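Chemist: So TrEMBL lists these for the protein:
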- 157-421: domain 'SAM-dependent methyltransferase TRM5/TYW2-type' (DOMAIN)
- R247, D286, L287, D314, A315, N335: S-adenosyl-L-methionine binding site (BINDING)
Amino acid sequence: MSYCSYKTESVSAYDLKVLLKFYSLSCEPKYCEEIRKILGKHVLKGNQIKSVQVEDGGKTRKLLLRYLSQLPARVSIEDFEHISSDFIQKEKELREYLYLTVSSEQSFENSAALQYLKELLSYELDEYQVSYDVRHWPLSKILKLLVSDTVSWPSSFETVGSIIHLNLREDLLPFKFLIGNILLAKHYPRIKTVVNKVSETSGPFRTFGMEILSGDSNLVTEVKENGCIYELDYGKVYWNSKLEAERRRVIETFSSQDIIADAFAGVGPFVIPAAKLKRCIAFGNDLNPVSVEFMSRNILRNGVSELVTTYCLDACSFIEQLIREEIYFTKLIMNYPSSSSDFLRVFKGLYRGRENAPLPTIYCYIFGRGPDPFKDALFSVLRGLVGTTDPPFDTSCFGVRTVRDVAPEKFHMLVEFELPAQVAYDEKT
């Protein structure tokens, strides 16, 4: 983990506020919700503005329509979704249009709210002014307005608790602090920090270099996933929110009779829900002592301390110790895709003399590369197990599937298999 210097200029320095005036209806609270349904698509929606505003201490509701009464300055109406300029300075025409529209509503024909709405439309519509600021605009439109409309701006990002994680393209780096400040302003207080990835995930602790673009430099945060809560220091431990669905998919295959071991457990996103949701006995290991510290905290916090034991060892040493202590895990997770297969050598002869022990199912995550990532991933696992891609056992029961795309011709793959007896007992054929 490496920190780079970061700037703290406030996004309020940028003039992003725009005042919009909408036509509106003042109505009694008891009719408001049904009138909103009757008007349907004519009601303002989206853009994080509430279509119903409370006035007069709760005695009146102001229902905002999607039609502007005045043309806004500085910006094009196309910058706003679901907003129409068709009736600017045409209040009477809008009332007549709405009256004809709602009069044809068959489903509300005998509704008291419909009769009340028709009465309201016989009077002049109100106006309601809304202040649109950075919170209400899509990031891409803000940046086009402030910087350039020729650049392809980011439309999505990863969120880790209170942290937004960006992976900006090189052409966006000159605007990185602006992007960070705008994102923080849009999503505060839920988001406290915006970071940009500056180097690839690497090293035995699986961390990466990042630069803080805006917000708090404290990267300790909380994440909710698969019914559990995790505390972690995003700058010091491994966490990938994109794997939430994959973790859930694997955990759902466990039963309460399973004994789970995770050789690269991080802060516990496999072992903790396995214990909490499936009541499995689990053993979590990580070489990073900071990860183990947070895993221990998370075990306590999620109430599974009687089911989960932690270790801080090399993966091979962890596996050897469990077998030596006759802890015969039934499921082993190895999510270290750059090197998982290298640790499979530990199984050579590991069960010799323990022929009555059950052999585990192994979930080996690996990078698959090239035009056939399935074959590449399988061959990596086979080389790890027996040093060759032509093993002395049948590989038809080895399941290989894609977890996610990482880069062109690079995929995060899962190879799932039962440990072959020929490896476990070191048999020669």
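Including glycine, each Cβ sits where the backbone N, Cα and C put it.
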Chemist: Which of R247, D286, L287, D314, A315 has the fewest nearby Cβ atoms, counting only those within 10 Å, among these binding-site residues?
Modeler: D314
Chemist: Return the residues near N335 (S-adenosyl-L-methionine binding site), defined as same-chain residues 6+ apart in sequence whose C-beta is under 8 angstroms from its C-beta, sorted by sequence, else 'none'.
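Modeler: The answer is L243, D262, F264, F270, Y363, Y365.
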Chemist: Over the domain 'SAM-dependent methyltransferase TRM5/TYW2-type' (157-421), work out the mean pLDDT and round it to an integer.
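Modeler: Mean per-residue confidence for the domain 'SAM-dependent methyltransferase TRM5/TYW2-type' (157-421): 96 out of 100.
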Chemist: Going by DSSP, is A315 (S-adenosyl-L-methionine binding site) part of a helix, a strand, or coil?
Modeler: helix
